[in-house]
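Feature annotations, courtesy of TrEMBL:
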{"type": "TRANSMEM", "residues": "B:12-30", "note": "transmembrane segment"}
{"type": "TRANSMEM", "residues": "B:35-52", "note": "transmembrane segment"}
{"type": "TRANSMEM", "residues": "B:58-75", "note": "transmembrane segment"}
{"type": "TRANSMEM", "residues": "B:87-109", "note": "transmembrane segment"}
{"type": "TRANSMEM", "residues": "B:146-164", "note": "transmembrane segment"}
{"type": "TRANSMEM", "residues": "B:190-209", "note": "transmembrane segment"}
{"type": "TRANSMEM", "residues": "B:245-265", "note": "transmembrane segment"}
{"type": "TRANSMEM", "residues": "B:286-308", "note": "transmembrane segment"}
{"type": "TRANSMEM", "residues": "B:328-354", "note": "transmembrane segment"}
{"type": "TRANSMEM", "residues": "B:374-398", "note": "transmembrane segment"}
Amino acid sequence: MDTKETVLSILSDLTGSDLSNNMDENLFDDGLLDSMGSVQLLLQIQSEMGISVPVSEFVRSEWDTPNKIIAKVDSMK
Amino acid sequence: MLSFTPYENPTYFVILGIALIPLVIGLLYGKRSHLYETLVSLAFLLLTFGGPKWSTQGVALVVYIIFEMLLTWGYSVYRKRGQNKGYIFYFAVILAILPLTIVKVTPAVDGGNNSLIGFLGISYLTFRAVQTIMEIRDGTIKNFSLKIFIPFMLFFPTISSGPIDRYRRFEGDFTTVPDQDKYLKMLGKGLHYIFLGFLYKFLLAYFFGTILMPKLAHTAMIHRGGFLDLSWSVLGYMYCYSADLFFDFAGYSLFAVGISYFMGIETPMNFNRPWQSKNIKDFWNRWHITLSFWFRDFIFMRLVFWFMKHKTFKKPTTTSNVVYFINMGIMGFWHGVTWFYITYGLFHAAALIINDAWLRYKKKHQDSIPHNKFTEYFAIFFTANVVCFSFLIFSGFLNTLWFTK
């Protein structure tokens with residue numbers, strides 16, 4: 001699976017919504033993600049893709065839409 | 001010798017205004033003089049901690065700064081060598097919060113006496129030191145430098161009560177000069193914030209805190225004797241105290257941010273219309289934001305991360321509920337070791353947990369729960385009242401009401 005598919009599947013598990021048509025939706029404004037969800041996201045990225053992201057790397061404004069998350073993950077590969 | 005509490009009186013603002021003129025002109029022409037900034041900072045630190053306060057506050061500040069400086073610098077050297085032992089990190093964090101812990105615990109165990117090592121703003125400096133150590137551990141701060149750390153710790157506009165900036169963010173602003181267009185906008189905003197701060201602190205907070213509140217406190221004390229000693233005056237006190245707390249602290253924060261902008265540093269805002277919060281979680285994204293985000297990033301998320309990685313609890317909701325209690329409990333404790341501060345923290349933990357459970361329930365039953373303008377206004381009204389009640393606990397007035405003669 002490529003990054004996009006993996007990230008979308010993690011997000012759909014976490015938020016209960018399919019976001020493939022809302023790639024620029026702000027996940028925090030909509031209440032789909034919160035701090036708890038963010039940590040789960042980081043842990044899932046680590047376990048499914050082997051990319052470890054320290055919590056201090058997590059700046060909300062850089063991780064708030066599916067597109068941004070995918071770009072972030074790609075940049076850390 | 002002159003001595004001030006920051007932002008408390010007109011003379012302070014006049015001296016500050018004059019001292020900032022060369023700095024503002026410099027920034028307008030694209031120049032930042034760290035030498036002049038250091039001199040201004042030293043002068044204002046002396047005005048705050050020197051003179052009559054030197055022996056009770058100044059010395060403590062100097063010793064504290066040297067201690068935190070050696071600690072963070074030592075830890076950064078250790079990390080640069082490529083070492084990363086967990087126990088060294090925990091030890092460094094414990095050492096960093098040790099002075100603050102002593103200051104907070106001393107009055108509770110020593111009959112109300114204040115610790116000798118305390119000074120105005122110690123907790124805000126500790127937040128900055130601890131986050132620096134944590135980010136050095138994570139490797140997000142790679143080139144730690146005392147030339148940044150010292151001005152970051154001692155940045156005088158925010159030294160006494162925040163807002164709590166972050167090392168990397170501060171470094172970015174401190175080592176560059178905003179271009180002229182941007183800086184002009186910052187000056188405009190800064191001036192606006194300062195005047196709004198005057199309105200908040202010297203008019204509204206004065207009215208609620210100095211004029212109205214003592215009267216309500218007095219009548220509430222007279223009308224004791226009923227159920228839990230409650231009376232309408234206690235309710236009045238609750239709203240009045242909440243208004244005073246908000247206008248006083250938001251006013252102070254506006255000054256601190258405004259002055260930072262004048263110095264070309266975009267210190268983050270501390271309040272964002274907290275009385276329009278639609279639930280308690282939303283409230284903590286809007287109230288004392290830099291503190292709440294500090295707790296979110298350096299306690300809540302880290303503890304959740306740790307618990308989930310070690311699979312301590314089966315369900316994510318259990319994890320988050322436990323961490324809410326730890327997180328808000330520490331926040332309560334940080335305000336001071338009294339029953340009302342700690343209850344305040346635990347009350348907010350409970351409110352956050354109930355709120356999360358309600359949001360989950362609402363999501364499941366979307367179709368059967370009405371949502372309209374009325375429910376939205378009701379949510380805002382309800383949240384504001386829960387918050388005001390928590391501030392009544394926080395105020396310590398119940399302590400006076402119940403436990404004094």
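Cβ atoms here come from the backbone N, Cα and C positions, even for glycine.
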Long-range Cβ neighbours of the transmembrane segment (B:286-308) (under 8 Å; 6 or more residues past either end): 127, 130-131, 134, 162-165, 249, 268-274, 276-277, 316, 319-320, 322-324, 326-327, 330-331, 387
Other parts of the chain folded back onto the transmembrane segment (B:35-52), taken as Cβ under 8 Å at six or more residues beyond its ends: 1-6, 12, 15-16, 19-20, 22-23, 26, 58, 61, 119-120, 151, 154-156, 159-160, 263
Quick one: find which recorded stretch in B:12-30, B:58-75, B:87-109, B:190-209, B:374-398 has the most Cβ pairs under 8 Å with the transmembrane segment (B:146-164). B:58-75
Please determine whether the transmembrane segment (B:87-109) and the transmembrane segment (B:58-75) are in contact (criterion: at least three Cβ-Cβ distances under 8 Å, sequence separation 6 or more). yes
Establish whether the number of Cβ pairs under 8 Å between the transmembrane segment (B:12-30) and the transmembrane segment (B:328-354) reaches at least three, counting only pairs separated by 6 or more residues. no
Spatial neighbours of the transmembrane segment (B:328-354) far in sequence, C-beta under 8 Å, 6+ residues away: 104-105, 107-108, 123, 280-281, 284, 291, 295, 299, 321, 386, 390, 393-396, 398-399
